[in-house]
Amino acid sequence: MNNSFLRVSIWVYLAIFFLYLLGPLVIMSITAFNSSGFPRMTPWECLTFQWFGELFQDQRILNGIKNSLIIGAGTVVLSVAMGLAGALMLTQIWPKLRATYYTVIIAPILIPGVVLGISTLVFWDRINRMLGLGADSFLSNGIFLTVIGQSTFIASYCMLVLVARLQRYDVALTEAALDLGATHAQAFRKILLPFMRPAIASAAVLAFLASFENYNTTTFTFGEYPTLTIELAQKVRYGITPSISALAFIIVALTVFFALLNEAKLKRQELVAAARKNATVEELAGKIKLPSFFAGNMAAVLVVVFAVATITVVGTATAYNPGQCIANVKEQKRLEAEQRIQELRKQREEQRKKREAEEAEQGDAQQSAPKPSNNSGFGNVFAPNTLDSDDEDDATGAETPSNNGGSGGVFDPNSLQDNQ
Amino acid sequence: MPGFLKEFFNRNGTGMGLAILGLVLFWTIGLIILPQLSMLDFSFRPNLPPPEIGGPKDVYTLENYKYLVYGPEGGSQSYNTVDLRVFFRTLLAAVCVTIFNLILCYPIAYYLGQSKGSHIRIFAIMLIIPYWINEILRAFALRIIFGETGVLNTLFTGLGIWDTPFDFIRNDIALYAGLGYAYILLMIFPMYNVIESLDKNQIEAARDLGAPWWRIHWRVVIPYAKPGISSGCTMVFMLSAGALAAPQILGGPSSLWFTQLIYQQFNDNNDWPQGAAYAIVLLVTCILFVLAVMRLFKVNMGDIGK
């Protein structure tokens, strides 16, 4: 196959793939700035920042964020501790038990979150009952249950991250410390823990993110402490507003910012290492010239651009007032609606005229005709459409029966439809 | 005290050893094993008001499982067609989502794993960013796109491809797109890890020997990447069968996901044993299904999660 054709098709495929991956997030972020009451991109109405203001006044969202932070902190502590203990155990467990043990601690990743939530709820409810505690005891507290339920599987993630680093640890270091008279606790705190710090940090970040965005488990355990995700789900299920888009935009922006920041830091470390490698002995002895934060570091440049853009946007947001534009759009909508009403009226008027003309032609013939069966028996007067409609046009419509004498408007096609 | 325990305490010291052992036991037994067993036990009990629990009526029964198959006692139908249909539809749809994700992600994983350069890092970041966004918000984003006045409908009616808005949500297209979207990363990363370690010389050797590109994949890359493919597929299948947020937000009004039935039993009907029984059925079926498929493709359990 032609090589350049293959290359082009790979790039097209990548483009489609990332469009599918990132497109929804971009569109959702954009809808946060449209003044339309329903989150949408088209038709674009006005640039507005009102949804952000609305978001920060929403007590339930703020309360959800607070609960999420509390639960996230608890989950981080518990699952990193359990993950570290699990990883240490994995490296020194009795070989015959190893496979079984590994299956048990890896299983929570694969068990559906719904099942974990239910089992946590059922189990602790039973413990609670066995201890004879009431429904308001600590064990049936939403925060406790959620932390426990989430930690069950988040600890497995932490364990995987930590065990990867632990495999590179030289046990001789701990042994040396013990030989030199350190206690086990000291050796752990001064030797192993510093070695594990990077992995612990990434495990903690991972645990917090997983806890923050968890829905399946939390939805069974949250009790009276709904997290942000739960509140969002309630809002999304029962009517969506652009203030959710505004929250999404904030989360997307924060994520992108921290990803870039992390990337810039990694890149800088790489550059520093490269500079060290190339440096001569004198340079190392003297002052080594470190590459500046920006040199050859795309990510760092992007971070700064991003920060400046954020500040600019926030600055304009405080000064910008979309009131005029919104008023214009409202006016336009009102005009459109009025036009539509006008058209409708015209149509009805024409219909009525036509009908009257027809009835005038064959009015006598109809009066002697038998009355068609009509549910209401009162002609058109109680037809739903006369009562429901809001414009005056129907007032005349309601009077028509008296003009028509006996037939009572039953021949009006509208009334037949409505009475069915 | 058994020998290995003594050795364990010698190595870690009594205090540290106790702390490690305590945490591990709390996690494995207190959080993983006992709750599952407790749920299993609970699923065999009748739904009783709290004062009657432990009383004479609290006996083991198969009632909850019978309900899933036969429906309520004295019901008009001989089988519980509604719930059973939801159950099988969920499994089938999860399989479809998994296959769709595999086909979508394999070229990407292969490309990322086999090419070098700084742009790979950028792609990796772009892959991870959506995964850091809340599951609910991702589903919400798709709802904006697939809604009746959403982006796609506006676009297509604007272009004149179809006249009336197409209802993506009622036709479950939005749901499948959302489920696939949610678990792309879990499919790509295991595959990427394996393919990255594949020696490029093997591919070049196959090419030199005259193999067309599809045969290189079929005979060299895919057999090598099998552990990665199977762990990716397992994760995507289990997670999409157990998904709750995406079906709640993107699902049509008439179509249910099995997890939604469980949710209803717990929250609306307040019938916990029934919900527990449904959860057990879901869990056991999914595990058995994964094991069967793994045996079919001759993959070892130990390869998963590497």
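Backbone N, Cα and C atoms are what each Cβ position is placed from, and that goes for glycine too.
Taken straight from TrEMBL:
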type	residues	note
TRANSMEM	A:12-33	transmembrane segment
DOMAIN	A:65-262	domain 'ABC transmembrane type-1'
TRANSMEM	A:69-90	transmembrane segment
TRANSMEM	A:102-123	transmembrane segment
TRANSMEM	A:143-164	transmembrane segment
TRANSMEM	A:191-212	transmembrane segment
TRANSMEM	A:240-261	transmembrane segment
TRANSMEM	A:299-320	transmembrane segment
REGION	A:346-420	region 'Disordered'
COMPBIAS	A:346-357	compositional bias 'Basic and acidic residues'
Range from A:12-33, A:69-90, A:102-123 with the greatest count of C-beta pairs under 8 A to the transmembrane segment (A:143-164): A:69-90
Criterion met for the transmembrane segment (A:191-212) and the transmembrane segment (A:240-261) (at least three Cβ pairs under 8 Å): no
Intrachain residues whose Cβ lies under 8 Å of the transmembrane segment (A:69-90), provided they are six or more past its termini: 98, 101-102, 105, 143, 146-148, 150-151, 154-159, 161-163, 166, 196, 200, 203-204, 207-208, 210-212, 218, 225, 227
Helix-strand-coil residue split for the compositional bias 'Basic and acidic residues' (A:346-357), DSSP-based: 12 helix, 0 strand, 0 coil
